[in-house]
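**Student:** Okay, these came from Swiss-Prot:
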type     : residues                                      : note
REGION   : 1-185                                         : region 'CPSase'
BINDING  : S45, G237, G239, L265, Q268, N306, G308, F309 : L-glutamine binding site
DOMAIN   : 189-374                                       : domain 'Glutamine amidotransferase type-1'
ACT_SITE : C264                                          : active site, nucleophile
ACT_SITE : H347                                          : active site
ACT_SITE : E349                                          : active site
Amino acid sequence: MKAILALEDGTYFEGTSFTGPGESGGEAIFNTGMTGYQEVLTDPSYTGQMVCMTYPLIGNYGITKEDIESAKVHVAAFIVKECCKHPSNWRSVMSLPEYLKEAGVMGIEGIDTRALTRHLRINGAMRGIISTEELDPEKLVAKAKQLPTMEGQNLADTVTSETCYAWQDGKPVPVDVSSGYKWSDKGPRLVLVDYGVKWNILRLLDEQGFEVLSVPSHYSEEQVRALEPDAIFLSNGPGDPAVLDQAVKNAKSYCEDLPVAGICLGHQILGQALGGKAFKLKFGHHGCNHPVMDMESKKIEISSQNHGFCVDISDCSDLKITHKNLNDETLEGFAHKTKPIIAIQFHPEAAPGPHDSCYFFARFRNLVKDATGK
């Protein structure tokens, strides 16, 4: 079925829908990972984005139950050079086209993804639309121009959990905290603020011995403190960090007397809470092959990344840079000089990607132990 991808600057590509008829729009970006498409599809941080995979063949190992990062597909649309309809993998339960059809998400193949990637790299991420229903490029370009830009959007509140849940036996278990929460105290009490968390973050925090309770992004500081946590964790998530005023205000309060860590959007929220400024990157960092330097050890780590925004802490005298991106030298991590506060912009939990930076969770565990004795 013929489909057209049209961008707001007038550029368009003709291809074929591998998910049937439909129309979908969002911010067009590219991901440089060769594998890991299932984790990409289910990462809440991709909400509102049409993801172009730079590797030419996607879908050859199908879809597995074990590799999802949230309860549903979050991308606005999926763009590939060629989609494999007949996967080969003993764990696979369905093909990529079947998975996207079931989720109601548009998929397009047969376009020149290399040309699209180069265009986005040169001109920046931009609004776009994919359609099988309207095949007039000019009309689609006009539609793309009407879509909201990523800047100014609070998407975290659209993907956060509706209720609190504990992470138990490798899965989220809803809990009622209206009358308080009974901790088992088998480990430090960790409240994770869910801005669109990936499940592998929860798995690795659990492995470190934390007793993890996740709360929705709209939870107030008073509600969080009523749970009597030993530490706070700010998760990854989608959208513009500069509009999350309440989240930044809450984080600033937590930093006064609690150990705090953040990943991705959580890193940006923490950075702003401590005096930094958020800004949008030209085309973002999306993929599992981004080189990052640990500024203390000078070790180079290959990291999994997914962010379109960054934070500038150059005017924050209380913070030190712990990680730097070697491609564009943007900030990838910081720590407070005197308080148990650390954050990184990339994804140490991988899923997909290398495990070079998994030590982040152990590092936070040690900070919490030193601060609380637990």
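Including glycine, each Cβ sits where the backbone N, Cα and C put it.
What's the neighbourhood like for these features in this structure?
**Tutor:** Cβ environment of N306 (L-glutamine binding site): N31, V40, D43, S45, Y46, N236, C264, G284, H285, H286, H347 lie under 8 Å away, each six or more residues apart in the same chain.
For the recorded site, C264 (active site, nucleophile), the DSSP three-state label reads coil.
In this structure, H347 (active site) is part of a beta strand by DSSP.
Taking a C-beta cut-off of under 8 angstroms and a sequence separation of 6 or more, E349 (active site) has the following same-chain neighbours: K198, N200, I201, R203, L204, I263, C358, F361.
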**Student:** Have a look around H347 (active site) and count the other CB atoms within 10 A of its CB, chains all included.
**Tutor:** 27
**Student:** Determine the Cβ neighbour count for G239 (L-glutamine binding site): the number of other Cβ atoms within 10 Å of its Cβ.
**Tutor:** 25
**Student:** Please list, in sequence order, every residue of the chain apart from S45, G237, G239, L265, Q268, N306, G308, F309 whose Cβ lies within 8 Å of the Cβ centroid of the L-glutamine site.
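**Tutor:** Going along the sequence, the neighbours come out as N236, P238, D240, P241, C264, H307.
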**Student:** State the three-class DSSP label for S45 (L-glutamine binding site), counting H, G and I as helix, E and B as strand, and everything else as coil.
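**Tutor:** Reduced to three states, the DSSP call for S45 (L-glutamine binding site) is helix.
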